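Student: Not my notes, these are from TrEMBL:
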REGION    30-71  region 'Disordered'
COMPBIAS  51-70  compositional bias 'Polar residues'
TRANSMEM  203-224  transmembrane segment
DOMAIN    204-414  domain 'Cation efflux protein transmembrane'
TRANSMEM  271-295  transmembrane segment
TRANSMEM  307-328  transmembrane segment
TRANSMEM  362-382  transmembrane segment
TRANSMEM  388-407  transmembrane segment
Amino acid sequence: MKSGSLSYILPCNRLPVQLMSQVRVYTSNGQKKDLGSEDINGSARGETLQKAETGQDTTNAGQKQSSPKQPIQVKVKPVLKKREYGPKYTQNNFITGVRAINEFCLKSSDLDQLRKIKRRSPHDDTETFTVYLRSDVEAKSLEVWGSPEALARERKRRKEAEIKYRENLFRNQRLLWEYKEFFGNTKPRSSTAAMFFKGPGKVVMVAICINGLNFFFKLLAWVYTGSASMFSEAIHSLADTCNQALLALGISQSARTPDPSHPYGFTNMRYIASLISGVGIFMMGAGLSWYHGIIGLLHPHPVESLLWAYCILAGSLVSEGATLLVAINEIRRSARAKGLSFYQYVVQSRDPSTNVVLLEDAAAVLSVAVAATCMGLTSLTGNPYYDSVGSLGVGTLLGTVSAFLIYTNTEALLGRSIEPEQLQRLTELLESDPVVRAIHDVKATDMGMSKVRFKAEVDFDGRVVTRSYLEKQDIEQLLQEIQQVKTLEELEAFMLKHGENIVDTLGAEVDRLEKDLKQRNPDVRHVDLEIL
């Protein structure tokens, strides 16, 4: 048997039968392929065998020549011609009206004449929005400006104007500030100012007022008595006042709305302010306390009357204790709302501003006790070394607090993962949806202030997505469209139409899953589901 011809020889007295067939395949682009022929030598060998057989039986030679050949069978294989798009293809791209105006130097009235297409909106507050074909926008821009060169010149001119505006922005802000009184204070109270009348802002403002007064009176007591412990206490109150002013700045900056340069907002400004506050406590509070204590040990001097110092320490203990109670109550309330214990809320640094106030005031209360004890020993024994040791103890306490603040705020800024139990709930919520087959590479990062960013690679079930699309269609009409498909062009048009709709359905399913995650978990603010 040959690939080009089929030869059957019957070694008997009967007539030998030979069946010859050859198959050619024609594709839709006009190419011809011979599937039945191998080479000329193969055919020659077949003919030699046939001649040898006919030599044994010469009586049937005439009948052999009269054996009919089978007709040629032609098979047509339909092939859809591959379309070459090239390295850059933007003919089917959509573009928003804002981009069309900015990038192609058009006016809003120019867009009224173009085709408007409704698409699913990427924003949560709207379901659909209007886009334009990029090819239509490009053609319109050439119609308006005449040539690509003129369009490029206009873009360059606008870019230079934008750069000039940014250079003069600071001067414009100065002018607005100077004329602020002329415009009048007609704006309502901003949300930033309202933040300091409740929650962490209120705690910080109370702490600033109390610590400022404590610093003033402790400074007077140190000038009067010359006590090293009192000097440490004055420096401690000054450090607390400065650090809490920095916390207030961080709270006000964190309330700024996101901009193109910071799309996720300025929430981490609270952690940055708390981190700098921890460094300030270490350098300003602990460092100066250690320095003054060491100087007191190396060069001791007698301490004057400590009566006024005791009175000021007692007042400081009451005021610092009041601020500490305010911070404790705020943390308890916030921890109860999050379903966490007091310790977990503090260690996880859920509210860095309140944490700083809590730890600073707790350290202040303990340092007042240490300073009072060491000053009492000094007054009883007359030995100034106890007072210097008290200064070293206060510095060590402040150093411990600052180290804890630096560690917790650094961990928050690095982007730590959420609790495993919460991550498991998010994973189960996705996997329980019928449209999801599996999820991989799950990451959930705490962005600060109980704002979570969730990311996962999702393997979607294409059958369920397609069924979801078909449930919204008229099946009888769809069946009629299928029956009317007769040519390759009609098949291509049918598949492109419904294929695009199925892709849109998949996008709608992604939006639905993201919305469900945010609704059931209010801490989840940003969801990134990537399709496998």
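Quick reminder: no glycine exception, Cβ is built from N, Cα and C everywhere.
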Student: Okay, the transmembrane segment (362-382) and the transmembrane segment (307-328): do they have at least three CB pairs under 8 Å, pairs separated by 6 or more?
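Tutor: The answer is yes, given that the two segments have at least 3 Cβ pairs within the 8 Å cut-off.
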Student: Report, as numbers and ranges, which residues of the same chain sit near the transmembrane segment (271-295): CB under 8 Å and 6 or more residues beyond its ends.
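Tutor: Hits for the transmembrane segment (271-295): 228, 231-232, 235-236, 238-240, 242-244, 246-247, 249-251, 253, 349, 352-353, 355-356, 360, 388-392, 394-396, 398-399, 401-406, 409-410, 412-413, 448.
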Student: So which residues does the transmembrane segment (203-224) touch in its own chain, when a touch means Cβ under 8 Å and the partner is 6 or more beyond its ends?
Tutor: 196, 230-231, 233-234, 237-238, 240-241, 244-245, 247-248, 251, 304, 308-309, 312, 315-316, 319-320, 322-323, 326-327, 330, 353-354, 357, 360-361, 364
